[in-house]
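Supplied in structure tokens, the structure appears directly below.
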Amino acid sequence: MIHPIQTAVVNRDGSVVFCVIKNMIQVFRWDQTKSEFVAAGQWVDDEDSSNAIKKKVSEEQQRQRAENEAKRRKIEDDAAESETAKRSRRHKDAKVPVPGAGAPPVYNHVRNLALSRDEKLLYACTDSDKALVVFALDFDKENCLILQKRQPLPKRPNALTTTQDDKQVLVADKFGDVYSVDARGSDVVDVSKGNLEPILGHVSLLTAVAIVCDADGKQLLVTADRDEHIRLTHYPQTYIVDKWLFGSKQFVSTLCVPEWGTNLLFSAGGDNFVSSWNWQSGELVDALDIDELVNPFLGDAQLAPSKFQDESNSLVEYAVSKLVTFSNLPYVAFFVEQTRALFICKVDPLVGKLMLVQTIEMSLNIVSLSSALSADSIMVTLDHRDSENAHLAAFITWDGTQFSVDGEKNISFHNCITEKLHEDPVASTEAQDIYPLYSVATLRKRAEN
Amino acid sequence: MKAGMSLDDPSSKRQAYRLKKQENRQELKHVRIDPSASSEKIDLPRKRFYRQRAHSNPFSDHQLEYPVSPEEMDWQKLYPHFFDEATSKMTKEVTIADIGCGFGGLLIDLSPEFPENLILGMEIRVQVTNYVEDRIIALRSNNAATNGYQNISVLRGNAMKFLPNFFRKSQLEKMFFCFPDPHFKQRKHKARIITNTLLSEYAYALKEGGIVYTITDVLDLHQWMVKHLEEHPLFDRLSTEWEKNDKCVQIMRHATEEGKKVERKKGDKYVACFVRLPNPTIM
């Protein structure tokens, strides 16, 4: 079977679909004349993660050797030092870590797929060397993905966005820092020499990042973390914090900035509500309680882990995985991790109030969600591992009054992707070898002392 | 040793002491002291019963209590004397923060020097926070006639993560960082309390002209703190002349437990103070 699509991104007009399958990016284009999807490009991350680890360890070894040598000299100078003290100061080299039996498998995902604002570049992050990868897009070529550069980062990237002028990519990592990387050119900064300094940082894992613009066209960087914080910082003067948006009670997993409501910002995560903010005033303008809508779709997957479960084994924990919106249509769509339902809310664009208008139940659990901003359409990818011949993705389009599943597009996409990948060695998988598709729930904090 | 480990051993002297103090604390922590009531003198807490390992990981998920936002913080509990029953509002707000206040020596010496300011100590270690709470309870009740030590308080918290939950923009006039954990290993440098990225959050909480005070006995850490503060566009170092004339610098050198320890060992103490500059024009 073909491995489920972990992440997908659709371009603004919905004509190109970028999919991540394991460590591979697959591109499909909607051919208007033929009215069907065609394969447009691919890229496989063949970087071996052990190389990066070996390099790091050997650097550490060298550093330690130099340090020990310096210490040894100092000790030799100090004649009064006793033999035992000398022996205890003998140091060992750092070892290259080798995973033992029973160690969790290492997955080399491609993550954080995103397009530049002008849609001329595609960004992705790799697990293997924790790098930001930049591709130029050229649909006249047989393979539209042209690798421009590969910038390794100090810690694992977890979210990214671009500045308004598309000149810098802002990458937020799991250590809580944001780095600014030149989006163009092929120059790579040597990270091991410490030449890359964060432009801002939280003391918490960063989960989402976005750029907003105020009335004067000044940019602010929005960063969200697993400590309930959403922070607004001036850009490029990232040393000036503007404000925090207070009101989340649990981790934040997703941020969404609509093009139609200049002061509005939506967020969601481990809370049982979806938040609508006026980021100019810092006010939480609406918190849409989603308990009742979500409840019918919850199952065993949402039971809290046994270690944190209550006596009646009924403690349910769910998390919103992703929120998306559109260019002109004042709607937001979101889904809860490991469920089948896609919720669509209408937004009052002036005050930011949210109202649920539609629930679309898919045949399978939703893995990822993306929207074609100006085409008012949505793409979801599906966890098809337990069902033979099921679709890997579904397209949902706006018909002027409501959203509905586009059956024809689904079939065309299914035919195209199965034809392209049914014998592909990277994409093929057994049901038990599937990459972890659900990681948002693990962001929940479990307090120690 | 883990905090609360001796819970298994009810005969332990320390455990008995801690339990007694805990009851006392729960009863007295948030009450307004009545100076007319003749109460017996409360003994100052004894430090040896509050020992805890010296370090705490600032990245881990501690069981912390913190308000959703500064507006939701209930300061009445910490400074009952400054709560106006008639308006149900605080008459003053915290303007001085001692980040990582340890055993509270600085708070206690600052209290009479700044009677018009509310001073808050933040400490991440549970037992150490308990000690400071007990110390303040004892001092308040023993000085009830003069309303002494009503302007200092302590809370357990992780300032590196949750400072903005407690303080509004430009609320603070002074922030103290006294003898912070040096985190010698290069790998752990992000755990240091002064970093480029955290300084932006401190600058947010400080008002223009507010002061950051740092002191340490570790030269390497001193140089690190100075370097980062000097690099930060919103801070400017104050001269040694200024330091000489500032009473807080004198108190900081001699009041803190760490400061006294360094003195006993005849070690060096490195001081650096910085002023919060106005924000430049937004680009």
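Heads up, the Cβ atoms here are built off N, Cα and C, so glycines get one too.
TrEMBL feature annotations, pasted as is:
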- B:Gly100, B:Glu123, B:Ile124, B:Asn158, B:Ala159, B:Cys178, B:Thr256, B:Glu257, B:Glu258: S-adenosyl-L-methionine binding site (BINDING)
- B:Asp181: active site (ACT_SITE)
Indicate the candidate from B:Ile124, B:Ala159 with the smallest number of other Cβ atoms within 10 Å of its Cβ, considering only these binding-site residues.
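Counting other Cβ atoms within 10 Å of each of the binding-site residues B:Ile124, B:Ala159 gives the minimum at B:Ile124.
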Taking the Cβ of B:Thr256 (S-adenosyl-L-methionine binding site) as the centre, count every other Cβ atom within 10 Å, in any protein chain shown.
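That number is 26.
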Which one is closest to B:Asp181 (active site) in space, judged by CA to CA distance, out of the binding-site residues B:Gly100, B:Ile124, B:Ala159, B:Thr256, B:Glu258?
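With Cα distances computed to B:Asp181 (active site), the winner among B:Gly100, B:Ile124, B:Ala159, B:Thr256, B:Glu258 is B:Gly100.
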For a quick check of understanding: given the listed S-adenosyl-L-methionine-binding residues B:Gly100, B:Glu123, B:Ile124, B:Asn158, B:Ala159, B:Cys178, B:Thr256, B:Glu257, B:Glu258, what is the maximum Cα-Cα distance in angstrom, as an integer?
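So the binding residues stretch over 21 Å, Cα to Cα.
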If you draw a 10 Å sphere around the Cβ of B:Asp181 (active site), how many other Cβ atoms fall inside it, taking every protein chain shown into account?
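18, counting other Cβ atoms within 10 Å of B:Asp181 (active site).
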I want to check the contact list for B:Gly100 (S-adenosyl-L-methionine binding site): same chain, sequence separation of six or more, C-beta distance under 8 angstroms. What comes out?
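Same-chain residues close to B:Gly100 (S-adenosyl-L-methionine binding site) (Cβ under 8 Å, separated by 6 or more) are B:Met122, B:Glu123, B:Ile124, B:Ala159, B:Phe177, B:Cys178, B:Phe179, B:Pro180, B:Asp181, B:Ile193.
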If one looks at the chain holding B:Glu258 (S-adenosyl-L-methionine binding site), which residues at least 6 apart in sequence have a CB under 8 angstroms from its CB?
B:Gly102, B:Cys178, B:Phe179, B:Asp217
Helix, strand or coil: which one is B:Gly100 (S-adenosyl-L-methionine binding site) in, per DSSP?
coil
